[in-house]
Amino acid sequence: MPLSTSLLGKKSTYKDSYDVTLLFKIPRINNRNELGINSNNLPFYGVDVWNTYELSCLNKNGKPWVGVGTFYIPTDSENIVESKSFKLYLNSFNNFVVESVKELERIILQDLSNVTHAKVTGRIFPINTKVEFGVPSGKNIDDLDIVCNNYGAPDNSLIEYEDVLVEEEINSNLLKSNCLVTSQPDWGTIVIKYKGKKLKYDSFLKYLISFRNCNEFAEQCAERIFTDIQNAISPDFLSIYIVYARRGGIDICPYRSTDKNYTLPSDKRFIRQ
């Protein structure tokens, strides 16, 4: 289905009963073709981490239960899920009776797997689970005194490097883009680990800031950044992790790595989640 038929940016009615048809799928191949990424031979591994904060159902006695969920959609899935449709889908459980939280988890994972055409994993947690906030790992580059004047299309020509090999981790809280459909702002913290030619921090920060008025989905922004870095410095190793601020009861955190046996960064939330 074309993106114009999705519920993004439109007035919506919340369903009173569980409805899997609310989930709206978006083929990954469309945006990847734009980036020159071969969907049959991806240059990365990883997942999209979805944290959901509006999750409720009824137990067999009609008593409400509330919780939060974390779901992992593999990068090699055929489709992603449009975020507003996922929000409406989750809220369709509000008056739905389930035998247990495990049953709710099973239903959601099965539905997501069917829609994305991949094995989606995840877990649902009770609302009183203790949560600790973390901070981005690596060296923060945000305090550099730079002049910025490019806020249009992302400009990969801004990526410069030094002819010295390094293995390092850097981060920035200044990534911002806009939703492809609604133009609502997506605020992100990006953590980059790489081994290769040393990125020049000042020019790379300008590059990240050039996304400021870019209208793309979170997943496409992540893959654009990954691809641009790869093309610029041909690193021996590269991973990026973007933690987006919560919006509409959901935050989306894409992770991409050249390492097939990757380990996800800490699952501690950052302050904007």
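A Cβ is built for glycine as well, from the same backbone N, Cα and C atoms used for every other residue.
Per Swiss-Prot, the features are as follows:
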- Val81, Glu82, Ser83, Ala218, Glu219: substrate binding site (BINDING)
- Ser83, Lys84, Arg247, Gly248: NADPH binding site (BINDING)
- Cys179: active site, thioimide intermediate (ACT_SITE)
- Asp186: active site, proton donor (ACT_SITE)
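Around Gly248 (NADPH binding site), the C-beta neighbours below 8 angstroms that are at least 6 residues distant in the chain are Ser83, Lys84, Lys87. If you take the C-beta of Ala218 (substrate binding site) and look for same-chain residues 6 or more apart in sequence within under 8 angstroms, you find Asp48, Ser177, Asp186, Gly188, Ile242, Tyr244, Ile252, Pro254. Within 10 Å of its Cβ, the residue among the binding-site residues Lys84, Arg247 with the fewest other Cβ atoms is Arg247.
Closest to Arg247 (NADPH binding site) by Cα-Cα distance, out of the recorded positions Val81, Glu82, Cys179, Glu219, is Cys179. The substrate site, placed at the center of the C-beta atoms of Val81, Glu82, Ser83, Ala218, Glu219, has further neighbours from the same chain whose C-beta lies within 8 angstroms: Ile26, Asp48, Ile80, Phe86, Phe217, Ile252. Note: the Cα of Glu219 (substrate binding site) and the Cα of the residue listed as 'active site, thioimide intermediate' are spaced 11 Å from each other.
Around Val81 (substrate binding site), the same-chain residues six or more apart in sequence whose CB sits under 8 Å from its CB are Leu23, Phe24, Lys25, Ile26, Ile73, Leu112, Val115, Thr116, listed in sequence order.
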